[in-house]
Amino acid sequence: MSPNAESTAFRSALEVIRAVEPRVADAIGAELADQRESLKLIASENYASPATLLTMGNWFSDKYAEGTVGRRFYAGCQNVDTVEALAAEHARELFGATHAYVQPHSGIDANLVAFWAILADRVESPALKRAQARHVNDLTEADWFALRRELGDQRMLGMSLDAGGHLTHGFRPNISGKMFDQRSYGTDPATGLIDYDRVAEAAREFRPLILVAGYSAYPRKVNFRIMREIADSVGATFMVDMAHFAGLVAGKVFTGDFDPVPHAHIVTTTTHKSLRGPRGGMVLCGPELADQVDRGCPMVLGGPLPHVMAAKAVALAEARRPDFADYAQRIVDNAQALADGLLRRGATLVTGGTDNHLVLIDVSNYGLTGRQAEQALLDSGIVTNRNAVPQDPNGAWYTSGIRIGTPALTTRGLGTTEMDATAELIHTVLSQTTAGTGPDGAASKAKYVLDPAVAEQVGKQAADLLTPFPLYPTVDLA
Ligand code: DSN
């Protein structure tokens, strides 16, 4: 590749876009500038490679490709077949899975595909067999009515939201909560850790069709072997949503009992978080669920996005390179350095530390809500997101936590020394911010007071921290 290839590619693309709608070209350039300047600690974000980004901007976007590789409902899908097959092959090899379905557009889509594959396998197929029908269209009105009720009357057991679970694991505001009767398991209030005996007890009492493991704000490993044993003991299908930590599985940081793929019946993920690919989702499973999973489109998905599947193939090829394992290990080393740095300075962390890519700070000890802390950090050039902590008294909007993660800064090249410096900046902001009051003088959960000079000084230090680690160093738009 010529030394200027990436700069030339992005500059040319912007020139073409600018000729049609200059405001969009400007916004794209501004987004790169913003990302370059901010200390990004959002645990679910990353920076995809130039190759992955460029793969998404082409004529694959124009093609409809409903169906699966070699079995499409549209003509002319031979090139889409090539990229979808490649993405699936890379996914299977990378994760050691028998089957990979790379069409989901996002994590929620991947989860919906998985839920409906399980429902089809466990509820619909037996009902068809009982009615001696081959297809739902062959059922009588009465049998169809009964099947619809049965499909809507299934149970799911997943991790509670405030313990770090995800909205798409059966919570009421999400479609999954309207589909399933859901119960959740939390964490031990003393340790903040999953108590597997309690999960087993909940499973015995509730007898779910689906046991879900996976999280977006739990800073520890999950023992998937034990979770599978629990699922088996009650006849549940075991599903793992590894969206947050797929990069750690791909990079072989999570192995053995902590690798979900050998233990779960079905695994879902996004491709853009620690896996560092394009925005999208994916489902992995064994042969038993493969046919049902492949019905994801049009069951719950709109037409596949071939340009994104092509980008998944590129990113998954990158993740199969040996340096990705090194990257994954550095994500965890950095998270642990960040956690240690915060603990040494007196911060309170949920579970007392981390063994994955994220850290959850309980900011109530600083006298702040998550919302106040999030905004004060943002004023100081540090981008995070507020998050509930277990048994959070401030609810899901204001919260009492700040979630921080290291995949993005690790991609930029920051290491453990910079993580300690980052801990110092975070602690400085949080310890110098005070809760504000509302117009009536009452304590506010949103207002806060931070000396602008402190915010400016921390912002400058954050920028200095980033200077030796330019984002996309091979891309010069000037
Ligand atoms: N929005 C993602 C996160 O931030 O964790 C999960 O869906």
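Including glycine, each Cβ sits where the backbone N, Cα and C put it.
Residues or ranges marked as domain 'Serine hydroxymethyltransferase-like' in TrEMBL: 19-122, 154-426. Residues or ranges marked as (6S)-5,6,7,8-tetrahydrofolate binding site in TrEMBL: L161, G165, H166, L167. The site 'Plays an important role in substrate specificity' annotation in TrEMBL covers H272. TrEMBL lists K273 with the feature N6-(pyridoxal phosphate)lysine.
Structural mapping of features recorded in TrEMBL.
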| residue | record | Cβ contacts under 8 Å, 6 or more apart |
| --- | --- | --- |
| L161 | (6S)-5,6,7,8-tetrahydrofolate binding site | L167, F171, S184, A388, A396 |
| G165 | (6S)-5,6,7,8-tetrahydrofolate binding site | G158, M159, F171, S184, V212, G214, Y215, S216, Y218 |
| H166 | (6S)-5,6,7,8-tetrahydrofolate binding site | G107, G158, M159, G214, Y215, S216, D241, A243 |
| H272 | site 'Plays an important role in substrate specificity' | E45, N46, A48, P278, R279, G280 |
| K273 | N6-(pyridoxal phosphate)lysine | A43, S44, E45, N46, A243, H244, A246, G247, P407 |
How does the model score the domain 'Serine hydroxymethyltransferase-like' (19-122) in terms of mean pLDDT? 97
Looking only at DSSP and grouping its letters into three states, which state does L167 ((6S)-5,6,7,8-tetrahydrofolate binding site) belong to? coil
Taking 8 Å from the centroid of the Cβ atoms of L161, G165, H166, L167 as the cut-off, which other residues in that chain fall inside it around the (6S)-5,6,7,8-tetrahydrofolate site? G158, M159, S160, G164, T168, H169, F171, Y215, S216
What does DSSP assign K273 (N6-(pyridoxal phosphate)lysine), in three states? coil
Let's check the environment of L167 ((6S)-5,6,7,8-tetrahydrofolate binding site): how many other CB atoms sit within 10 Å of its CB? 17
Summed over the domain 'Serine hydroxymethyltransferase-like' (19-122), the DSSP helix, strand and coil counts are 60 helix, 9 strand, 35 coil
For L161 ((6S)-5,6,7,8-tetrahydrofolate binding site), what is the secondary structure state per DSSP, taken as helix, strand or coil? helix
